[in-house]
Amino acid sequence: MSDPHAPKLPFWKRPELRQTLWMMSSHGLRLVLQGVYFITVTQALGPKEYGAFVGAAAFVDIVAPFSTLGAGNLLVKNVARDRSTFSTYWGNGLWLMIVSASLLIIGLEIVGAWILPKTISPWLLLFAAMTNLLGGRALDLTANAYQSVQKIQRTAQFTLLPHIIRAVAALMMVKLIAQPTAIDWALVSLLSIGSAGLIAILCVSYELGKPQLALKRLKGEVQEGSYFAVGYSAQTVYNDIDKTMLARLSTLEATGMYAAAYRLIDMAFVPLKSILTVAYAKFFKQGATGIRGSVKVAKGLFPIMAGYGFIAGVGLLFCSPIVPWILGEKYAASVQVLQWLAPLVFLKGLHYIAADALSGADLQFQRSVVQISIAVLNVLLNLWLIPRFSWHGAVISTLISDGLLMLILWSLIAWRYRQERLAAA
């Protein structure tokens, strides 16, 4: 633990700055690589095939957090406080991932046959599920492992690895396959992300400690971990269920247009995501004393998140006409979608720091309840609006959900803050 009486280092010498720069560099390169395979894949597949791929992937994303039951978050929380527990939490996390992912993949295939449109192949769903629930979760656990010991440089490197592999794979796919399909890209994604996940697991085990299984310890923390899993699943619902519902209730072409614009929103959010990654462990350390501790971290981030979110939103609004030039004329309708979605970067930035402040103060249950409520609202709004207004309905539902989420989370923080202050008086 650092000495609270030690003199503060100049801003440019603080480790937080170096860590943020590492993540910014990683996410910046990731942004370029995402652009490479995003443009390559959208142009090669076209709106219909790309819409099918996104519909399957979004369906899988809903249950993805349950493949580890919050083990990564518990890893960060506990190892940051006691380094000697690393091997246990690392081993338990890997075990949970393998067992849970296997069960979830089987369940998705069964439920998907009933929910998803016939245009989305079971093979497409299988490849998407294996990519996300095995390869993707392995990479997430790796990031959490390095976060827990503050090796942000390695976190940055392994954040970048799958995108390097995927960009190369996308370029190879269009060279080797004349008319690639959604299934082709799903298989390429599985091979690239799966190999990256395996490399990441081996590196963590070598550098930080071999995995050890201790199910007795895990049993006592499954409840807390499940709060993280439920919360992140709800987050995935209000972020991605609109794409699956568009594929079901509207057309795959509309889904492709909407998904392409939403992808650009995600890319614009990358700088804020890197800041959140570096600050995540700090929320837990400061939040050990209660909400007032984690709010200090949130207050420090607020001007950056709000300022960048506003500027990025304005930039997306005015730069949207270049989308067809980048993606092709087939995506001309994505211009209007992007203009409607532009406020999302601002809204997401503010509700993410509020959510992490609650988690850091051991209020994950309350955070999850709010997120579940917003997810239910989002689904109901989509059921009502998408059949009537297609992608316009999905946009309206998204903006209402994210805006309301931001207001409720900050209201909850204000209420808890007042409670703690009164209790301390």
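We count from 1, first residue shown onward.
Glycine residues also receive a Cβ, built from the backbone N, Cα and C atoms like all the rest.
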Out of 29-49, 365-385, let me know the one TrEMBL marks transmembrane segment. 365-385
Ranges 185-209, 235-259: which does TrEMBL label transmembrane segment? 185-209
Counting Cβ pairs under 8 Å to the transmembrane segment (160-179), which of 185-209, 301-327, 333-353, 365-385, 391-415 comes out on top? 185-209
Considering pairs 6 or more residues apart, do the transmembrane segment (333-353) and the transmembrane segment (391-415) have at least three CB pairs under 8 Å? yes
